[in-house]
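S.K.: Below are the features listed in TrEMBL for this protein:
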DOMAIN    1-90  domain 'Ras-associating'
DOMAIN    107-904  domain 'Myosin motor'
BINDING   200, 201, 202, 203, 204, 205, 206, 207  ATP binding site
REGION    786-808  region 'Actin-binding'
DOMAIN    1080-1129  domain 'Phorbol-ester/DAG-type'
DOMAIN    1146-1331  domain 'Rho-GAP'
């Protein structure tokens, strides 16, 4: 029958990474099941729902992490979320969820290096099997293979980021988040830059993989708190995809440009900034594409998502009305415009919603103008000599959108100007040339707009402190470059894209095959060379100078008489014998290149034209004459120069506006003055002066390219020197400049961004209107940018992700064996896995090996190979798992981890030895101190005994003499008593009857006698009874007196024993019938140094293991035995009300008493008596007094008299109470989050996050921390007397209230001392500031209250005197008695105003 059990790792003894097969084996052994039967593991995720079978290699712990939080904690089976162990053939069958997994025919491997045998068939079978199980990721050692399923899988939520956090690569199932986490923590651990290279065909999922990597890296860097940089990085992706991605035959969201995202981090792991570099935007797609493809996404977003007002403003039409969009059906999945509009507005960062709306309207205007350019048509004029552009409404709309004159626009589209030595010629375009000029204008406008967007995204990602200070930063680069493409028609763009993929594939081969195998050969170790396909010949065919295809293309592009046919002829002539170049028939204008991914045929048409694609100077001049400043920014070749010209233009316009207003006011004032005088004075006209002045500086168009950038430095220098002679107005203007937001673009930040990217090189070559030399070709620019990219990637440690397209039809979850096998072959996956499987992942030089594993080597060992080999042999490593070369040691990853574990064990053993010696020294010193104290006590005791002997001898002598005297006295008294008895014989007979009666009623006497409580009372009773019986007995009955006394004594003893037994029985009965106390243990963890035994199960707790010990009853137990404990904590139950130290804060607090009593008493005593004591918390008090006061506070704190102890003793107990808390005030759970908040670079952000975490503390901890911080603020306020600053207090109290939860690593807490101290210091400083401000406000309000009360009293007196009748005042003034003013009531209005004012003052207080 099936067995259900919980899936939490807290109740199971198998590790989190255990597979389903391991769990089944463990459960069968634990439950003592039949081992001859076959069992399966089922997962139930809903109550009454279906069951899903887990494969043998699936990890149940990973499935548990995906359950809801309540299900992971409470494990309620009626709500689902549990596992079932079921024997096959009995007890039901798996539900519908089991079909997704199935029974594998081969073992499901996570790593291809584990396959045996290793062939193409086994690799393909494993990938197919995992793909249909929706496991699209597979490892090839450290390389991740990702197969595009063309379907979104639910394996990318934040829970997976948490699951893979700080886990070694390969420990959990393969995932792209594991690669991101490994790159992030490798960067932090090794302090080296990392990069992730994503490669694959077009449509293999590279762009989506990049997005997943960015999301994971930002989630890792946030650590519970997000900043603007992370949000900007995440928001930049959709904007770049909208402008740079399009639908192709192979991919619905194909990147038509390459990008390299470099995320910069501080050494603590917090994001500092980022830079995005773009490569080779496919501009020809704007004007022409295949029928099955689309234009860029942004045009469809604009046309479908624009509001009616925007459609009217930008004169938008339907997609089918534009010539540039007519080649494809636009009906499909079109996203709305609002989402990317908001993201673009956030990225621009120019401040103010109105400004963002203004810039977005300019962007839409440019996009609309580009679409309208495609609708411009040409026709012959009436004379047939030139072309005529039309239609008229299209030209009018273009003129309106671009803000240029319509006649200039028509001239730029139909004719061109050519300068000669003496004159300027006007040449009319042919129809083909006009269409080319029109399309070139559209492509350049779109390319400039894309560059502008990338520039502003980089500015939004810029950290301003990078320009001011030099801070060492680390980085993770993500390369998402266009995939290998082979379309039906391949042109210049595909040629460049495939060349980039050739270079990237060569970099992969060099890193995986060539460099590694060359290193093995150079070191002289035993290695069998793995052959691979080298593509260096193809790269040399394309880029080698002077015979490469790029060089021949540039050479033909510079020849005016050259054509595409001559270019193709030169290609064939030069490379007819090259195996990578295949000629085509003469009539076919194409050539074939044998790439690493296969043969690709390129059409030679327009190769020369696309290689020299730049705008005519006439069109550049036209766009520079636009009234839109935004248009001039797009066309400017130097963004810094354009920005500075804009500043100068705005400055001159402001001066002209001020001068105009001043002259107008002056004329008005003179006219009024002349009118009052009765005559008019002629006003001299300044019109000629204004014209002459305005002609000196012409800012009607942008001249940023006419002068170099250095010219502006002189202009601004002279302007600043002239401003030094101006008075207070300049200083006031400078004060106003401080109100400008700090995130605006300025020349310094703009120059910094341009220097980081290739913007300056790509735009200046195309848009410069006065070129003194011929600009570099497109191929030359692309090669330069690609070389720079590979140089940047080469400086970092790479992680590789191989993306594979599952099928060519873009169908969901379809695996095409032939297509996948083709990709595996040309990527060399089989050879890659062989190298990774037989290679050595860990390499150390002899010196590095000595430094890293020095603790394992014997004393005096050197970095000699003999010592290293001896160590490896002693460790028991097999010969094939390591090799020693000439200068390096090569290890497999498992052996390296084994050595690292041995190092950790040896370090911990040495730490234990040091701790043992240190404790021995402490115990020795304590022993010597106690020995000296014991000797002094013995000396004093012997002196005391000697003095007591003298006093004892005197006492003995006195007692002896007294006894002698008493003996004589008693002898004389007995003689007198005998004489008296003789006289009483006559009365004996009378008393006999009374004695007998007394004997008969002796029980009555016993019952009436009270039982004495002490021994003295008992003896006195017996003596009194004996005397009474002797006095009542006669002479003959004196022999029976003793018998009567003995009888009475026996009865009395029996009565006493019975009463004692009844009392004991009553007490025991009360104890046995008392209520049962609950299990109230208080466990704390510690690391075992000496082997102990568990009080629950009796087994050993070994050294270096964690144990749990109750702080009250000292019960010791394993972690797994905690749930089995059935005995209660009697010590705590009996003394719970007496414990004050070492108890959680929540136990000591309540609603009536929110702060623990002991803490309140100690802090109040220090504030009343010790604020002015120097070094109040730095010095320590007497240890003896501290123990005495601690015991007194522990048992009865209310009876403690703190005035009897020194102030340093009291402050020491404050720190001791905080240190002995099981969970510190700032809790172990929030320890890492407090440290991460301290590492934030922004001070205000850091303060906000720290207070956010403080508010998340439990209520009792929060109240106690608030009271403690108030106390520390009062101590710091008296720093002048007690010499305790905020920093000093933070140093003292940080180890008390913010402790590291990890006690296994003794150095971890020491590393975080500076961070914890800074965190506490920030809290004290901020509370001190708030306290000071609050006190100032209180003083102001008290002063206002006093002033208001005095004014009300004065007003009341004046009002009372006014209400007195006039004769009464005269009578009083003549000498009569004045009435009492207090007896007169003021008016109701005065009383109401007085009450209102006083209530307002009290509310403010």
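Yeah, the Cβs are placed from backbone N, Cα and C, and that goes for glycine too.
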S.K.: Using a 10 Å cut-off, grab the number of neighbouring Cβ atoms around the Cβ of residue 207 (ATP binding site), all chains included.
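M.R.: Its Cβ shell of radius 10 Å holds 24 other Cβ atoms.
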S.K.: Write out how many residues of the region 'Actin-binding' (786-808) are helix, how many strand and how many coil, based on DSSP.
M.R.: 9 helix, 9 strand, 5 coil
S.K.: List the residues in the vicinity of the ATP site, defined as same-chain residues other than 200, 201, 202, 203, 204, 205, 206, 207 with C-beta within 8 angstroms of the site's C-beta centre.
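M.R.: So the additional residues around the site are 148, 251, 254, 483, 803, 805.
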S.K.: Just jot down the residues in the same chain as residue 204 (ATP binding site), at least 6 apart in sequence, with C-beta under 8 A of its C-beta; none if empty.
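M.R.: In sequence order, the residues whose Cβ lies under 8 Å from that of residue 204 (ATP binding site) (at least 6 apart) are 146, 148, 483, 803, 804, 805, 823.
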S.K.: When you measure from the Cβ of residue 203 (ATP binding site), which residues in the chain that are at least 6 apart have a Cβ under 8 Å away?
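M.R.: Residues satisfying the criterion: 148, 248, 250, 251, 254, 483, 805, 810.
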S.K.: Please name the residue among the binding-site residues 200, 205 whose C-beta has the most neighbouring C-beta atoms within 10 angstroms.
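M.R.: Result of the Cβ crowding comparison: 205.
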S.K.: Using the structure shown, find which entry in 201, 202, 206 (the binding-site residues) has the sparsest Cβ neighbourhood within 10 Å.
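M.R.: Comparing Cβ neighbour counts within 10 Å for the binding-site residues 201, 202, 206 gives 202.
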S.K.: Grab the pLDDT values for the domain 'Rho-GAP' (1146-1331) and give me their mean, rounded.
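M.R.: Taking every residue in the domain 'Rho-GAP' (1146-1331) and averaging pLDDT yields 88.
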S.K.: Please spell out the DSSP helix, strand and coil residue counts for the domain 'Phorbol-ester/DAG-type' (1080-1129).
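M.R.: Looking at the domain 'Phorbol-ester/DAG-type' (1080-1129) with DSSP, the answer is 3 helix, 16 strand, 31 coil.
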